[in-house]
Every structure is written in C-alpha cells, then in structure tokens.
Amino acid sequence: MSLPIEPRLKTRFNPTSKPKPGQVFKSEIKRALCSRGFLIALIMASLLLLVGLRFAYQLPSERSFVEEWYVSYTQSFYHLMLPLIACFPFADSLVTDRKQGYLERLAVRERFGKVISAKFLANSFAGGLAASIPLVLLYAFTSLTNHNPLNHPIFNTIFARPYEIAEVTQLYNNSPDFFILLVIAVVFIVAAIFASLGMASTLLVNQRFVAFSLPFLVANALQYFASDARLIPWYWAPSEVLLKANFSSTHNFEAVNEIPYLLILPLCLILLIGLLIFFFGKRKQVLENSLSENRKPKDGFSLSKLVPSWLQNFPVNEKRLKKGTVFGNYFRNLLNIHIQPIRIVLIVLVVAVLTIVMFGWMKLRMPSFFAVDLIGNPPNTWDLYFMTIGDPLTMALIIANLFLFMISDLQPQSAFGQLAVKRLGSRKQSWLAHILFLFLSAIAYSLIVFLTMHLTGRFLGLPFSNQWSVYRNSAEHINIPVFLTIPNTHFQAFLAVFGMSTLGFFAMSLLVLLINTLTQRRLIGYLMVEILLIASLPLSSILLNVPVVLQYLPIIRNLVMRFYPFVFRNLDQAWHSVYAWLIWLAILIPVTWLAYRKQDYLSHPDYD
C-alpha cells in the first residue's frame, strides 16, 4: 500500500532533504519578503506617511524637501504604529510553522540553532525593510518634486526641525541627506528589534496575535508613561530613539553627552529578546509547543495561591438560589464568577494611581490656577475627573484597556460554564445573560472610575463642589467642549461624558465577546479591540476631509469629547458620537446572537 503524497510547500525549499549552507536563511528571507504581511505593512506605512505629507503641504510654500520629509515623518504617527508595521511581515511565522509541523520537519535535517537563528534574522530584516522602504520612497519623492533652497529663515520659528540638540540641528541644516538616511537607519534598527520581540513573545504564548500585539502595546505604553504621564525617564519613549521631535518644555534630550541614553531602550529590548530565547527557545520546548521540557506541565501559580480566598469571590446566598428562577440563578452565578473583589480592588488602585499622575500634570500645565492668591473658584474634583477621562491616550491605553481586559474572559466558557448552559437549556437565555452582564459591567465600571477619581482628588486636596471652577473659562484644559460649561452645574457635562464612555465600553465589550466566541480564544478579542482602539488615534488624522459618516469611524473620537478634529465639538457632534455607538450596538447585538447559535459547546477545553 503506497503512502499518500504530502502536499508541496509554497517555498521551493524541501525540508525533508539536507539543506545546503545558507539555504535555510535564503528560504526564510524569501518567505518573509514575498508574504502578504510584508505587502500589508508597506501599504500601512505608506498610508501613514501620506497623512504626514498632508500636514507638510500646509507649511509655507518656502519649505524645502527636508522640511517636507521630516514633517511627514513626525506628524504621521509613524512612531506609534512602527511596532505593528515591523511585526506584520513575518513575526507570526514561528507560530504557524510550529502548528503546521514545518518547523519540526526542518529541524530533523538541520541543526535547530541554525533554524531558529535563520527565522529570527529573516524576521528582523523583513520588519526593518517594511518600516524603512516607505521612508526611502518618501525621500525620493520629496527630493525629486521639491527644489526650493534649504534653510529658509521662516522655519526658524516653525516647529518643523529637530531643535532639541544643536548638533542634530546642524546636521539637519548642513547635511539634510545624511540626516534623513540616519533617521531611516535608526527606524530600520528599531523596527528589526520590535519584529524580533514579536517573534520571541510567541515562544512564551504560541498565538499569532501575541506576535502582533505585544510589541505594539509595550511601545505605546512606554510612550505614554515617558512622554505624557512623565512617570518614567524621557529616554524610555520610543519617539526619542526614533529622533522624532517632541517640542516639550520639559524635554531633556539637549546635550551630546545624553545621546548614550538613547541606547537604553533598544539594549533592554534586545536583552528581553535574548532572555525569552534562552529560557523558552530550547529545541524540545519549541517543537512540542510547550513551556516545559517535561511532557506533563508543572503546576503554575493559581489565583487561589496568590489571592486570599475572601478576595476571590463574593459570598453566595444559598437561600436566594433555592427561591430564584433558573435564569436568575444562572445570572447570579455569572456575576459571582466574573465580579470578583480582587478585580474591583485592582481597578480602584490603577485608577487612583492614574488620577494622581493626571493631577500632577494638571498642576504642571496651569500652575496659576493653583496659586494662593487665585481670583475665582479653585479647581475641584470635577475638573480632575473631566481632564483624566477625557484624555485620548489615557482613555485608550489605561481606562478602556483595563475594562476590556476585565471582561475578556466571558467567552469561551470554562467547562463549568458550559455545563451551566446545558442545565439552563437555552442558548438564547445564556446570550441574554451575557449581554445584560456586559451592559451592567460597563455602567458599574464607569461609576467606579467616577467615584475613585473624585475620592482621590479629594485626598489630594481638591474640594467637592457643584459649581464650576476657574477652568470654566479654559474648558479645553479639562477636555470638555465649551457648550457643556454653559449650565451652572456639572450635571449636563457629567451625563454627556459618562454616557459616551459607558456606551463605548458596552459596544467594545460586545466586539470582544464576538471575536472570542468566533475564535474560541480569550485573549484574541481583547488584543484585537485594543489594537483597533489605539490605531484609531492616527486614523482620526486620516479621516479628515471625508463624509461625516466616515469621520465617526475611529473609536477614540466617540469615547472622548475633545480629539482632533473635534477640538471644538458642538452639541450636534456630541449627539453624532452617541448615534455612532447606537449603530455599533444595533449591529453587534444580533451578530453576537448568530455567533452563539453556531457555537459548539462541550467541544473545547478550558483556556487559561
């Protein structure tokens, strides 16, 4: 009896024969550069630079090619999206090769260390090229189309040049071509590092979306805490390493002897990559898709070992369970499993720390409002609440991110949850319970955030007050539009901000629920929606001169009141964001029901 012929691989390299020297690396490079991910990364990067080029064309007509290039680079959110661009071409290939058995067959014919090295080198090279080729094309375009003289005096007062350090400015003015090539080289190296981090992270969690999302989330978190919140030193911001000017009054990159500080972030990332490879990149671990070299995984830390029992679950009222309906008992069980005291404590701690940070930033931006001889009502807890919850980066990276993470374990259900659905005897009632749970969770989370911010503000010395403070005449500093400050109290502003954010949390949680139900993976929905949320920051700059309907597609525009181009939002624009969330809900609610109807219960193991 003849054996079935194995399908031919897309690459010409045959993993069952002894490879020639360097053939593995050539094969991996070809796979990386010819992949759809590489093309998607090029398109994504090019679109971002086109957004930046639109900003460059708004500069005075005397601009030279180097002003056009540098403004296009700095104003395109390139530093925020760079990790995603770098990881798209090939960072997930280790996951697919492990699951398809390609890596195991290749490791039989070639030394495992060479195989892994070839994959990491090809991945880093492809990631660097995907991020740098669009910048090279932009350099060629601006050089060929702009022949204006260099160093026009008008740009001495316009933020279009790197002013932080004199030597960099001289290089920019005297050797603009070399300056551009230097920036492109830095982008190539940083992109290669992020691509390697994405692939190395899959040694720890063998999921494709981890390869894309982890470097993206890490980079944006570092950017926020270093550049905006100022909780960590300035040189941890990826924008500094990428030579993107911040033009901040507290910016510290001002002397030549501080240039070595720019090496700290890349070296730490390289060290992290090396540690991941050293501890989780051993042959047996990788080929068996296991974190442990033993076939039986070791017992890890469980919640019961880390958290006291009284913080894990609220007490169950057994008398109420006996008297309640089947649906009521199912819903109470759902609340008992997912609404845990430790989660509430974690939310309060994170929001309290965030509020303290924003209070410091509040005093830094407007110190005159906190002077002893201030004329008018002093700042109060409402100002701190509106400023914190209305900040786009704070909302995207912390507030909304924390909520999405907390509700991401609703689907797929554990074995106990699937058994509860079986006893309930109705998919529809299970679906209704989950929808109701997410809706109440969004309201409860918004209330916890509201109360925590007010109580933390009071602890910091701000008074409770039902009257507007001096910020009423500077509403842009507390991230609310002027029309909401017309009433004498904060009630209308609170309803608008609270309603928009709560509807947004509910809609995004439904999207997480839908993705998790379809993929049967708990983390994937959270990671995808969080990436969409952060990506909506640059997307808002792309969707400017477009129909009104398209302007409300970016998620962040409908979560906060003031974000470009709605910095002066009026009442109609506020209602448009509410309508946008209602449309989201009208689509997601029935689609999640369809996904529940198709879900195959009792066929999936528990997912940690």
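Heads up, the Cβ atoms here are built off N, Cα and C, so glycines get one too.
Taken from TrEMBL, the feature transmembrane segment covers 37-57, 77-95, 116-141, 178-197, 209-226, 259-280, 342-364, 384-410, 431-455, 491-515, 527-553, 573-596.
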Same-chain residue ranges lying at least 6 outside the transmembrane segment (259-280) that approach it to Cβ under 8 Å:
116, 120, 165, 189-190, 193-194, 196-197, 200-201, 203-204, 222, 233, 235-236, 238, 240-241, 253, 286, 291
Thinking of Cβ pairs under 8 Å, which stretch from 116-141, 178-197, 209-226 has the most of them with the transmembrane segment (37-57)?
116-141
Among 116-141, 178-197, 573-596, which stretch has the most Cβ pairs under 8 Å to the transmembrane segment (491-515)?
573-596
